[in-house]
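S.K.: Sharing the feature lines straight out of Swiss-Prot:
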| type | residues | note |
| --- | --- | --- |
| BINDING | 74-87, 279-291 | NAD(+) binding site |
| BINDING | R94, R104, R132, D221 | substrate binding site |
| SITE | Y139 | site 'Important for catalysis' |
| SITE | K189 | site 'Important for catalysis' |
| BINDING | D221, D245, D249 | Mg(2+) binding site |
Amino acid sequence: MKICVIPGDGIGVEICAEAVRVIDALKDIHGLKIEYEYGLLGGAAYDQTGRPLPVETLRLADEANAILLGAVGGPKWDKLPAESRPERGLLGIRKYLGLNANLRPIKVYPELANASTLRPEVVSGLDMMIVRELTGDIYFGQPRGIRTSGFERVGYNTMEYSESEIALIAEMAFRIARQRSGKVMSVDKMNVLECMQLWRDVVTKVGERFPDVTLDHMLVDNAAMQLVKNPKQFDVLLTGNMFGDILSDEAAMLTGSIGMLPSASLNVEDKGMYEPCHGSAPDIAGQGVANPLGMILSAAMMFRYSLGRPDMADAIESAVQTVLTNGARTRDIFQAGDRLVSTSEMGGLVEAALRRIS
């Protein structure tokens, strides 16, 4: 197996190192044959090559079974032309690899229920999956741009979805729901957007092929409210690209820290890019205080969805649970009575727990 490791920008370098450390432990314990190739993306790629997505990185990603990504972006590159910004590199590699589905599990560990800004009884036991379409919608629709009209500038973007794009992501959501509670909530804005009217129609038709799965629909503004009012009503939440971008970050804070959350971006062949939900956090980069658990749990998702080793995923997740139960916390999830640890210390504790339980 070959993994393309892309540390990226900011804290991505630190947290990627801890994920590799955990994978190395699994290699040592179980004799796994895994090779690493390191690539550049985002601001780091621009600084070294003048491009946010070098051709060499695409080659490495093509040859790998999976891609492990730290984080991309930062204010250092905000004034670059749009086509040179780090985020364009991220969108580009997603499009190149055909990563049409983003999976974001939202899980509240019992030990962290008090870390949420919501009451513990509202979030305790929360375990949901957000399934977000990743290659269509307003982020990729054409035409787009800024033009001059009369005496002022006008910015414009195009929200667009094809039936096939919607059907593809809907099918994935229904398949995942079959392995969980059998419930899908599709989020749209069909009351004002024709694009979302098509979304609801196609999702409904796909749902007819899954009679064992219950499908409901909800407008995005109501969904945003319900996520903080009663999040445990959701199991699989199906969304388009832009709405999913917003709702997944909102849902992330239900857990107490976005640093806890992994994600997977998959294509139809289950090749995936795995990254934590948080950004590059340049304000804390290099200080050793970043939470690596979202990155480590992303590696667990990699074993589950792309490498065909759900047993390795289970082992990593059990090790993380053990470390949290024992009271270790990075700064973002630290509360009185906990044991404060650094980025590398947290990675070391997960590695040690993994070796004990394997």
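Note that the numbers count up from 1, one per residue, in the order the chain is shown.
Note that Cβ sites are derived from N, Cα and C of the backbone, with glycine treated the same way.
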S.K.: For A281 (NAD(+) binding site), what residues in its own chain, 6 or more apart in sequence, show a Cβ-Cβ distance under 8 Å?
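M.R.: When sequence neighbours closer than 6 are ignored, A281 (NAD(+) binding site) has G10, I11, A71, A290 within Cβ distance under 8 Å.
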S.K.: Given the binding-site residues A82, A285, which one is most crowded in terms of C-beta atoms within 10 angstroms?
M.R.: A285
S.K.: Check the DSSP secondary structure of R94 (substrate binding site), expressed as helix, strand or coil.
M.R.: helix
S.K.: Based on DSSP, name the secondary structure state of A285 (NAD(+) binding site): helix, strand or coil.
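M.R.: Reduced to three states, the DSSP call for A285 (NAD(+) binding site) is coil.
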S.K.: To the nearest whole angstrom, what is the C-alpha distance linking A82 (NAD(+) binding site) and K189 (site 'Important for catalysis')?
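M.R.: So the alpha carbons of A82 (NAD(+) binding site) and K189 (site 'Important for catalysis') sit roughly 28 Å from each other.
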S.K.: Tell me the Cα distance separating D245 (Mg(2+) binding site) from R132 (substrate binding site), rounded to the nearest angstrom.
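M.R.: Taking the Cα atoms only, R132 (substrate binding site) lies 8 Å from D245 (Mg(2+) binding site).
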S.K.: Fill in the CA-CA distance, Y139 (site 'Important for catalysis') to D245 (Mg(2+) binding site), as an integer in Å.
M.R.: 10
S.K.: Tell me the coarse DSSP state (helix, strand, coil) of R104 (substrate binding site).
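M.R.: Note: R104 (substrate binding site) is in a strand by DSSP.
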S.K.: Of G74, P86, which of the binding-site residues has the most Cβ neighbours inside 10 Å?
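M.R.: Sorting the candidates by Cβ neighbours within 10 Å, the top entry is P86.
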